[in-house]
Amino acid sequence: MVLCCWLALVALIPMTLSINPGVKVRLTGKGLEYGRQLGMASIQQKLKTIKVPDISGKQRVSPIGKVKYSLSNMQIVDVGLPKSALDLVPGTGVKLSIGNAFLRMHGNWRVKYLRIIKDSGSFDLNVNDLTITTTIAIKSDETGRPVVSSVNCAATVGSAKIKFHGGASWLYNLFRKFVDKAIRNALQKQMCPLVANAVSDLNPQLKTLNVLAKVDQYAEIEYSMVSSPTVSNSCIDFSLKGEFYNIGKHQEPPFSPAAFSLPPQINNMLYISVSAFTINSAAFVYNTAGALSLYITDDMIPQASPIRLNTRTFGAFIPQVAKRFPGLMMKLLVKTAKNPVVTFEPNKVTVQATSTVTAYAIQPNTTLSPLFVLNLETSVSARVFVSGMRLAGAVTLNKMALTLGTSYVGEFQVRSLDSIFQVVLKVVVIPILNVQLAKGYPLPTLGKMKLVNTELQVLKDYMLIGTDVQFTG
């Protein structure tokens with residue numbers, strides 16, 4: 001499972017489409033080395049499952065004559081993989097090389113000679129200088145998920161030394177070279193099919209990648225592959241769609257991802273870059289779903305605040321409100337007028353939002369009487385961070401500007417309301433928004449993957465997550 005998850009990460013090789021990615025991932029040489037360390041234990045267990053068929057035959061041995069022999073119940077008792085490597089193969093995938101490997105086997109022997117004499121015993125076999133080399137081709141299926149296969153496999157068994165115990169072991173020792181060769185050939189024939197099956201066994205696990213990850217009731221994010229990987233001698237760069245969609249309705253936003261390149265960093269195992277396009281596609285999705293609206297009532301204002309949502313408070317700034325609607329509570333509807341825009345600059349994330357604020361007086365019968373509509377322009381700074389396997393954030397207010405859209409109570413000075421709406425934004429809207437942002441959204445993930453030693457940088461038009469990885473199962 002661990003090896004398949006790591007190969008899956010290498011395997012996120014996108015389908016060939018003429019679009020830019022929203023998310024890029026880089027797997028470095030350090031990451032491949034970690035994958036090799038994890039994978040050897042899995043391969044070692046696979047090699048222990050080798051089944052060597054029973055071997056029998058006849059051999060003329062001087063001075064006895066014709067001897068019938070059989071070797072049976074051969075079992076692998078130990079496997080050693082002291083030397084291995086996992087290297088990049090530009091344009092294909094990765095190359096797995098295993099050298100100086102050894103097997104230890106135990107089995108039973110039987111002989112019959114001079115027509116009537118039978119004997120039996122056990123034997124131990126040491127297979128040394130075993131080498132396996134295979135290229136693991138990594139492609140994508142029709143759904144954008146990875147598929148792996150073993151190609152160009154080669155296996156050799158350098159030597160097989162057998163030692164017989166019990167009975168007429170001396171007799172077997174007379175023709176051990178014939179037995180050695182037979183066992184060596186039997187093992188060598190099984191190596192590459194075993195490797196191919198082991199690689200194919202990864203594919204069901206690769207299907208578990210979160211190619212389409214649910215965020216919440218409104219949105220999901222797609223991590224399908226959009227282009228072939230760029231494989232160099234030091235890393236693999238690959239491209240994911242990285243686009244938010246409304247659940248059940250994949251509508252493209254009125255903007256496209258811009259091209260961007262990763263900096264030459266290879267200190268971590270993995271780099272995940274998230275473009276401004278990805279975050280702006282989220283803003284488009286939530287705005288389209290109508291999720292970027294909020295009714296604000298007086299009970300949402302802290303009790304200690306002198307500002308209350310009632311016609312008395314607002315009447316101090318707009319006398320007509322208190323005169324026409326005396327002694328009534330109020331309600332505000334804050335709603336985005338267009339998609340918020342997120343920009344990334346070095347060490348800086350800014351969100352610009354254009355909204356409307358509609359103020360209502362709440363009549364005794366709960367009917368809402370509109371008072372005015374304000375245009376609200378806000379700028380907030382965002383702090384982005386990694387939480388588990390999710391990307392989360394928090395915002396603080398930079399500035400706001402109010403203009404009058406519509407008034408149902410006559411003309412008034414909008415600037416007189418600035419202090420009220422500063423409070424409303426800081427103590428109600430921003431905290432509610434931050435609760436949602438703290439939940440974050442899923443990053444590309446495989447199996448039981450954990451990010452460690454994580455650092456996040458904000459660069460021009462994208463942010464870069466450098467991290468090491470641990471697999472817990």
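Cβ atoms here come from the backbone N, Cα and C positions, even for glycine.
Here's what Swiss-Prot has on this protein:
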SIGNAL    1-18  signal peptide
REGION    19-29  region 'Central sheet, part 1'
REGION    28-209  region 'N-terminal barrel'
DISULFID  C153-C192  disulfide bond
REGION    211-275  region 'Central sheet, part 2'
REGION    276-446  region 'C-terminal barrel'
CARBOHYD  N365  N-linked glycosylation site
REGION    453-472  region 'Central sheet, part 3'
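In terms of C-beta pairs under 8 Å, the stretch of 211-275, 276-446, 453-472 lying closest in packing to the region 'Central sheet, part 1' (19-29) is 211-275.
Around the Cβ of C153 (disulfide bond), a 10 Å sphere holds 18 further Cβ atoms from the protein chains shown. Each residue contributes its Cα atom, and for C153 (disulfide bond) and N365 (N-linked glycosylation site) those atoms are 80 Å apart. Counted with DSSP, the region 'Central sheet, part 1' (19-29) comes out as 1 helix, 6 strand, 4 coil. In sequence order, I132, T134, S150, C153, A154, A155 are the residues of the chain that are 6 or more apart from C192 (disulfide bond) and have a CB within less than 8 Å of its CB.
Helix, strand and coil residue tallies for the region 'Central sheet, part 2' (211-275), in that order: 0 helix, 27 strand, 38 coil [DSSP].
Counting Cβ atoms from all protein chains shown, N365 (N-linked glycosylation site) has 5 others lying within 10 Å of its own Cβ.
Annotation note: C192 (disulfide bond) sits in a helical segment as assigned by DSSP.
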